[in-house]
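Summarising the annotation, TrEMBL assigns domain 'MacB-like periplasmic core' to A:21-243. The domain 'ABC3 transporter permease C-terminal' annotation in TrEMBL covers A:285-397. Residues or ranges marked as transmembrane segment in TrEMBL: A:21-42, A:281-306, A:326-350, A:370-388.
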Amino acid sequence: MRWQNTIKVSFRSILKNRMRSFLTSLGIIIGVAAVIIMVAIGEGAQKEIRDNIQTLGANLLMVFPAARNVGGVSQGWGSFNRLTMEDANVLERQARLVQGISPMIRVRAQVIGGGVNWSTTISGVSVSYLLIRDWGIAEGEFFTERDILSRNKVAVIGKTVADNLFPDQDPVGQRIRVNNTPMKIIGLLKEKGKDSRGQDQDDVLLSPSTTVLYRFRDGRFIDMIYASAVSPLMINAAQEEMGRILRDAHKINTGESDDFTVFNQSELIETLSATTRTLTLLLGAIAGVSLIVGGIGIMNIMLVSVTERTREIGIRMSIGARESDVMTQFLTEAVTLSMSGGLIGILVSLVGSRILTQMTQIKTLVNPSIVLVAVVFSAAVGIFFGFYPARKAAALHPIDALRYE
Amino acid sequence: MPPVIRIQNLVKTYLMGDIEVHALKGVNLTVEKGEYLAVMGASGSGKSTLMNLIGCLDHPTSGEYYLDGINVNELSRNRYADIRNQKIGFVFQGFNLLARTSALENVELPIFYDRVHNIKDPRAKALAALEKVGLADRMHHEPNQLSGGQQQRVAIARALVNNPSIVLADEPTGNLDSNTSIEVMEIFQKLNAQGITILMVTHENDISRYARRIVEMRDGLVIRDHPVNARRSAEEDLQALKAAAAESLS
Ligand SMILES: Nc1ncnc2c1ncn2[C@@H]1O[C@H](COP(=O)(O)OP(=O)(O)OP(=O)(O)O)[C@@H](O)[C@H]1O
Ligand SMILES: [Mg+2]
């Protein structure tokens, strides 16, 4: 049979039972829309993470302490070898492929100033910190190498801290007490917004690394090290170089495992998006189940249709339809049903994800490839679930079909 | 030239559970091109079974059947379908038109399943077939908008559209009144005059006398095979009927 006629007959029989066809496609509509929206939510979340990590800073590298393996046996969390100020210094002296190194020492701090009590974090960093984090000063100035050498009690505060302590005053020049230590505010940071976990990055107080290390901590261990590679192309080389320098400093022989990890930005993105990706996959798979349920609905209706149209099949066979003609006819019908369901489902998902973003602030990202996958998948559902009914129709004996009442 | 149909010792046995039903018990029949047969016999004598076998809708249990010199029993199911499409035109008692499908589209159907010829304009060909049965003006009517006689004429047009070797008609007038039946016979006689071979099953003696040859069956066997004497002309009968009707009116 000519394909135009096959398609014409399909549409005619689908339109003949409008309501039934619509209800049958509804399963596919819901399935496809659900898959696309779920995946869009997942991808939206991933994109947000990526964007946020990029706000961390340019060519960012991070060094964290790690659990040490001895003879292939992990020594567990208790065996964490912590990083020291000396690690930051040795990197500062020897690393050629980085343009800035900063230790990071974080301490919870109770800040009193302007008659207000504010709980925040004080971070001890080096003068390179702003460059590394791609940050800047809004007002006043940042501390200098001298401040670090002399462990000066100066602080640069973030916008949130400023807004809370000195709502209607210029914070620069004000005196505050941090965990009972008097300090002077010398600068105000530019506003940075929230990070990937939704934490306010402006709720921060920066001080010279030495000040925090010796006044608020034990004077030895730091939390992590930030560094910035000289160029995006050098990120991997810089990462390797830092690893080599630290292995030397820690006297780790070849074959022994490191007691630290150097992360670069893309690895961090990887780690964080791996979780969301798994979640996306899971959501998509659950939504995919509803597609299969939709397919079963199509199969059911196609079986009804084959029974209803047994006589028609007999007539077509008596005038020369081959088995393959009958088969194609019913397969086309099933695919037409599922594909129109799929297309409507795509429209629903496009509108739905937009409404969702507007109403709930959940970010969605509809990927064109998932739309393509949805089209292909709904066609596949039609073929898969239409196959059995179509086979049943094609296998009918002409005479039995003609005699069917 | 071989006969259109040559059947030798054709047997058809149906199995109903454990019971064997011997519908045909060894039928022999030869039909030459241009013949017009009426197949008669009591109910259950095997007429429809024979027609279905000749029409390649079913395979015989044993025996041989040559259509245009080809042994069709040896053909695959696909070739079987192609033979139905190319060489056979069916006319059924219940018309068997597709519902909610116009007369024209019903007649076009066999063209769409034609794998041998690539017909450029199926519509024109279907319309020509409808003209032959005098229904060109009803081409957009659907079956439920046509009378029984008109439906049967659409079915005949559909049977003719691919220029078959034989037209098989199983009780074509079974659902029609006597006047309409004669109209259908007029069409058959015209077609036969143009050289088309026709096999027609009928219960009515009157109808069988429009054919040229009568084959009588009983219990799955051909028991009598003879030419029609005092053959009737449907055209004349219709004119006589019209005249009678005009007379009774005046
Ligand atoms: N599909 C079938 N299964 C079993 N038996 C069948 C089948 N078709 C026909 N028969 C039997 O075969 C015999 C011949 O049937 P057939 O339909 O050929 O008779 P017929 O001469 O056409 O009768 P009628 O004039 O009533 O149409 C009957 O006894 C019938 O019961
Ligand atoms: Mg019969």
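The backbone N, Cα and C atoms fix where each Cβ goes, glycine too.
In the domain 'ABC3 transporter permease C-terminal' (A:285-397), the DSSP tally of helix, strand and coil residues is 98 helix, 0 strand, 15 coil. Confidence annotation: the domain 'MacB-like periplasmic core' (A:21-243) carries a mean pLDDT of 87 in the model. Outside the transmembrane segment (A:370-388), and at least 6 residues removed from its termini, the chain residues within Cβ reach (under 8 Å) are 28, 31-32, 35-36, 39-40, 43, 288, 291-292, 294-296, 298-299, 302-303, 330-331, 333-339, 341-343, 345-346, 349.
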